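Below is one structure, written out as structure tokens; comments come after it.
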Protein chains: 2
Amino acid sequence: MSRPPRAREIVLDAFEQILSNEGARAATMDAVARQAGVSKGGLLYHFASKEALESAMVDRLLKLVADDLAELESAEEGSVTYFLRTSAAEDDNLDRAMIAVARLAQSGSEPARDAIRTVRLQWEDALRPHTRDALALDLVMLLADGLSFNSTMGGDAQLSSVPHGEALDTLIERVVGLTTW
Amino acid sequence: MSRPPRAREIVLDAFEQILSNEGARAATMDAVARQAGVSKGGLLYHFASKEALESAMVDRLLKLVADDLAELESAEEGSVTYFLRTSAAEDDNLDRAMIAVARLAQSGSEPARDAIRTVRLQWEDALRPHTRDALALDLVMLLADGLSFNSTMGGDAQLSSVPHGEALDTLIERVVGLTTW
DNA sequence: GTCTATACTAAGATAGAC
DNA sequence: GTCTATCTTAGTATAGAC
């Protein structure tokens, strides 16, 4: 509690970064150790196996989502607007963790897939009181899934046709108008 | 042209199936050969490398999308309805190929990622004439991304909260009403 | 608490028999 | 055209020095 072990976080950051930038295939123990600036032995002191590393990544996501759910409830702009806006982001801690865990999930990690499903349900429960009806909630969730999916597919060289900036703001505004009171 | 090589397709089916059901990590040459009922040597006669196998999978997707774009144009129910309905499907050839290539993309294959982006643009271009404006088109595309994303995350043990059946039909109907003439 | 050295395993690929 | 056998490399993990 007093002071979190720092090296663990650095290693986890490295794992997250490689997963995001290069995909699960490239996220080997070796690559993670190199990126984190520690030796393979050093890595394995902190995380005894790859599974342990993945599990820690999932835990990080769950923690960040718990924080986000609190944010969401108190968001000045409204919960749904906040949710959709942040679903499109790529550069905060939560989204990086989300992308990393999504990559693990698609590569075959069951715990990662469970986590993705769990956090989706948590967000859905949190937004239910703020949306008109079940249909409106479905629309909001699917839209967020779409935005999130495009974040994971984007990567560096994106320049895709997915709305961003002002177009995205307008879209969110419209959808919020349709789904909330 | 006269008769397509049958064994190739069987191997490709096996690859697709393992990618969909177990993820990219499990889709090894060995596993594909076993599933296809051929030996490793036999597999490598048809596909000289894993890269060749992945490339063939991408080609299959591009081919199926080309067919789908033709279907979409002539769909009785309307292009947008057709598009959204099929984006939620999981059990036709196109969707299986889409899920397989999405898994490859997330695991780190650049060609797979390019393919996903390409087909998204193709669909977007095809739907543009059928939607009200840029914002409506964005909404339709993101909704389809969300539906597609949930297909890839679902897998066998789904039972998730993603709309299906009648709820999905209603949602699609509403969105089509909002985005088309 | 972090490193080097090394063992073990699995994956991708080749050679050549049939 | 498909198989068996084998090689190489890369990835995970262990042991033990520092």
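Cβ atoms here come from the backbone N, Cα and C positions, even for glycine.
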Of B:28-47, B:48-67, B:88-107, B:128-147, the range TrEMBL labels DNA-binding region: B:28-47
DSSP-assigned states of the domain 'HTH tetR-type' (B:5-65) in counts, ordered helix, strand, coil: 51 helix, 0 strand, 10 coil
